[in-house]
Amino acid sequence: MDSKESLTPGREENPSSVLAQERGNVMDFYKTLRGGATVKVSASSPSLAVASQSDSKQRRLLVDFPKGSVSNAQQPDLSKAVSLSMGLYMGETETKVMGNDLGFPQQGQISLSSGETDLKLLEESIANLNRSTSVPENPKSSASTAVSAAPTEKEFPKTHSDISSEQQHLKGQTGTNGGNVKLYTTDQSTFDILQDLEFSSGSPGKETNESPWRSDLLIDENCLLSPLAGEDDSFLLEGNSNEDCKPLILPDTKPKIKDNGDLVLSSPSNVTLPQVKTEKEDFIELCTPGVIKQEKLGTVYCQAGFPGANIIGNKMSAISVHGVSTSGGQMYHYDMNTASLSQQQDQKPIFNVIPPIPVGSENWNRCQGSGDDNLTSLGTLNFPGRTVFSNGYSSPSMRPDVSSPPSSSSTATTGPPPKLCLVCSDEASGCHYGVLTCGSCKVFFKRAVEGQHNYLCAGRNDCIIDKIRRKNCPACRYRKCLQAGMNLEARKTKKKIKGIQQATTGVSQETPENPANKTIVPATLPQLTPTLVSLLEVIEPEVLYAGYDSSVPDSTWRIMTTLNMLGGRQVIAAVKWAKAIPGFRNLHLDDQMTLLQYSWMFLMAFALGWRSYRQSSANLLCFAPDLIINEQRMTLPCMYDQCKHMLYVSSELHRLQVSYEEYLCMKTLLLLSSVPKDGLKSQELFDEIRMTYIKELGKAIVKREGNSSQNWQRFYQLTKLLDSMHEVVENLLNYCFQTFLDKTMSIEFPEMLAEIITNQIPKYSNGNIKKLLFHQK
C-alpha cells in the first residue's frame, strides 16, 4: 500500500450531519469509510445519525459535533485515524471502491482476524473528545452534544489486518485463523462504545439494561431534559413508562412571618415556575386547572381563586400540581399546604399562577396579622355541610361573632297555619257566602247560582275537587260548594246584621244611660248549611231536544217513535240523576236497578207535567223544546187518551202552584214510590232515605207558606198528587207495553228502554209491585 498521508481526505470535505429517526441502528462515521468494523452505537441525543437496517446495503451515517460541545483547540483528524487504523485507501471523497458492494453484516456476526492494530491516534482523539465534552458550557448545550463518550480499549480489542483480509472477512464472515472472534460479549446484541461511562445512581438506565440512552423519550428532539439539568435535578423522576405518576416531593415552602410582620418565604429564589410542559418518561409536569385532590405536601405552585364571594379571604392557599397522566385521560394531583383547608370533590376552584414573591409578600403583610399563631390559620373553607368560616364571610349570618337580626319569616312560621278553602283545599282568601273559601270558588258559586246553570257530571258524581282539578267538573264542584254550606243568602243576612248592629250602636250612643236598650237580633236566620233541596237543584238534568222535524206532516207512528227515542235518552239522564241523589248510591246495587225500573215512567210523566206547567200553563204537552203536542196533534189516532192523562199532571201542578223546591222533593219521592212486594235488600236504609226526603218536602212547604196552619193542608195536597201519579203511570205503562208487544204498529223503541220494558212486563203481570201511598183510598 502507499503512504498513509495519501489516505487522508480534505478537512473541508467532511460531510454534514443527518438527524436520526430511530435508535439502535448501525452507524458509519464517514461516507468515505467503505469497510472495516461496523459499530453500533445507542443514540444519546437527537443529533446522532442512525442508518436503517431495512436493506442489505450499507448506508452512510454521519456524526455532527456541535460547536458548543467541542473546544476550539485543534484536534487530530478522526477520519485520518480511522482510515489509517483500518488500512483502507480512501483517496478523495468522490473516489469509489471498485468491486462488488460490501455485504452488510447482521448483529452478532461481526468478527475480526486476530492480531494487533495501532489505534493510538484514535484513542488520543476520543480521549480529547471526552475531556472536551465532560464539562459542557451550559446545561442546554450539554444535552445536545453529538457524542459524549468513547469506547475504551477493553471493549474494542486491538487487531492487525490488511485490506484484503478485511474485505475477505466481510464477505466470508471468518477470520484468517478459521474461527469466529466475536466483537461483543454474549449478553450484548450491539457494540456499545459508551458502556464504561459512569452515570449517577438515579439514572433511568437502571431499568433499561444499564444503557441510559435506550429511553423512547430521547429520540424526540422536543423531549430533551436539558432545561432540568444542573440545578433542576430534583425534578427528575426515577422509573419507567409502566409506573404510575408519583407526586413530586419538594422542600417545605410554607411562608413564615417574623415578629415585625414581614413575610419570609423559605422557597429558593432560583426555583422558577415554568409555563412550558416538560416530559419525563410518559408523564408531563405542568401547572393546569383541575379538581383538587387533597394531599399534605409543602409545595407552592398556584393560588386558588374562587368566583363570587371571597371564601378564603385575601390569603393565598399553597397548592402544587404534580403530574398529568396522558395515557388514560387527564388526571391531576394537587397538594395543599394548609391543614385546615377542606375541599369537597364537587367544588372546582379556578387556579391562577401566584404573583411574584414581592407582590405575594405585600398581600400577605396586608391581609395577615403578625404572630406565629397565624402561620397555620390561612383561612377555612365553608361548603355545603360545613359551618365554620374564619375569614372572608360572604354574609353576616355566617359569622359566629356577628349576630344577625331576627328574621320575620321565623315568626311567621310559628303562627297558625294558613287557612284552606273548604271546597278545593286552596289557600282561603276569606269567608264567602258563609263558608271559608278561596276567591275562585267564590266567583264560581256566584256565577253558578245566578246563572242558573244545570251542570251534569260525566262521571259518577264523585270527582276529586282540588286546586288543580277543580275546573274539570263544575257539577261536582258546585255540589261540594253546597255541601260546604255556601249560600247566597248568607251575604244578604250578613249585610242585614251589620246594618242592625250599626243602627243599634247609634241608638246606644244616643241613650247610653238606658240599660234596657240592647242589640236587636232577628228572630229567625236562614239556614247556612247546605240542604238536600239545594243539592237536588244542582243535579237536575238539562232539557233534551227530540230532533223532531215539524216541516213533515205529522203521524201517530212518527210522533210515537220520536217520543220513544226521546224517552230512551231521558231514561239515561234519569239514571245519572238518581245516582247523584244523596243517599241513593248507599243502597244495594240491585235495589238501585229495581227502583229505576219501577219509577222510570213516574219520572218522565212528572217532568213532562212540570215543563208543560211552566211553559204553557198546562195547556200543551212540552216533551221537548222542538216537540210540543198541541190540540191539533192530540186529535191524531191513539193520542188523545194518553195526552189526557199527562195533561192531568200539569193541570194539578198549575192548580197547586207548586214551587221548584217542592217539585224537586216530589220527584225524588216518586223515585222511591214503588218497591217489590218482597221488599228491598236494603229496606231499612231505603225507608230512612224516603223519610228524609218527606221531611225535605215539609221544609220546602214551610219555606213557601210560612204559616203553620196552612202547611199541613198543603202537605196533604201535594202528597195526594203523588198518590194520583200511580194511576196515571199505570195507564201510560199499559199503552206502552201494548205498543211494544204489537209488532204491527211498527213503533221503534231504543235499546235501553226496550230492555227495561222487557224486564218490567212480567213483574207487572204477576202483580209483584207494591205501591207506597201516603193516603188510604
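Just so you know, glycine gets a Cβ as well, placed from its N, Cα and C.
If you check Swiss-Prot, you get these features:
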COMPBIAS  1-14  compositional bias 'Basic and acidic residues'
COMPBIAS  130-140  compositional bias 'Polar residues'
COMPBIAS  141-150  compositional bias 'Low complexity'
COMPBIAS  152-163  compositional bias 'Basic and acidic residues'
COMPBIAS  164-174  compositional bias 'Polar residues'
COMPBIAS  394-414  compositional bias 'Low complexity'
CROSSLNK  Lys277  SUMO cross-link
CROSSLNK  Lys293  SUMO cross-link
CROSSLNK  Lys703  SUMO cross-link
DOMAIN    524-758  domain 'NR LBD'
MOD_RES   Lys480  N6-acetyllysine
MOD_RES   Lys492  N6-acetyllysine
MOD_RES   Lys494  N6-acetyllysine
MOD_RES   Lys495  N6-acetyllysine
REGION    1-420  region 'Modulating'
REGION    532-697  region 'Interaction with CRY1'
ZN_FING   421-441  zinc finger
ZN_FING   457-476  zinc finger
Positions on the same chain near the zinc finger (457-476), where near means CB under 8 A and six or more residues out: 423-426, 440-441, 444, 448, 538-539, 576, 579-580
Lys480 (N6-acetyllysine) and Lys703 (SUMO cross-link), distance between Cα atoms, whole Å: 23
Recorded positions: Lys480, Lys703 - member with fewest neighbouring CB atoms within 10 Å: Lys703
For the region 'Modulating' (1-420), mean pLDDT (0 to 100): 47
DSSP helix/strand/coil residue counts for the zinc finger (457-476): 3 helix, 0 strand, 17 coil
DSSP residue counts for the zinc finger (421-441), split into helix, strand and coil: 3 helix, 7 strand, 11 coil
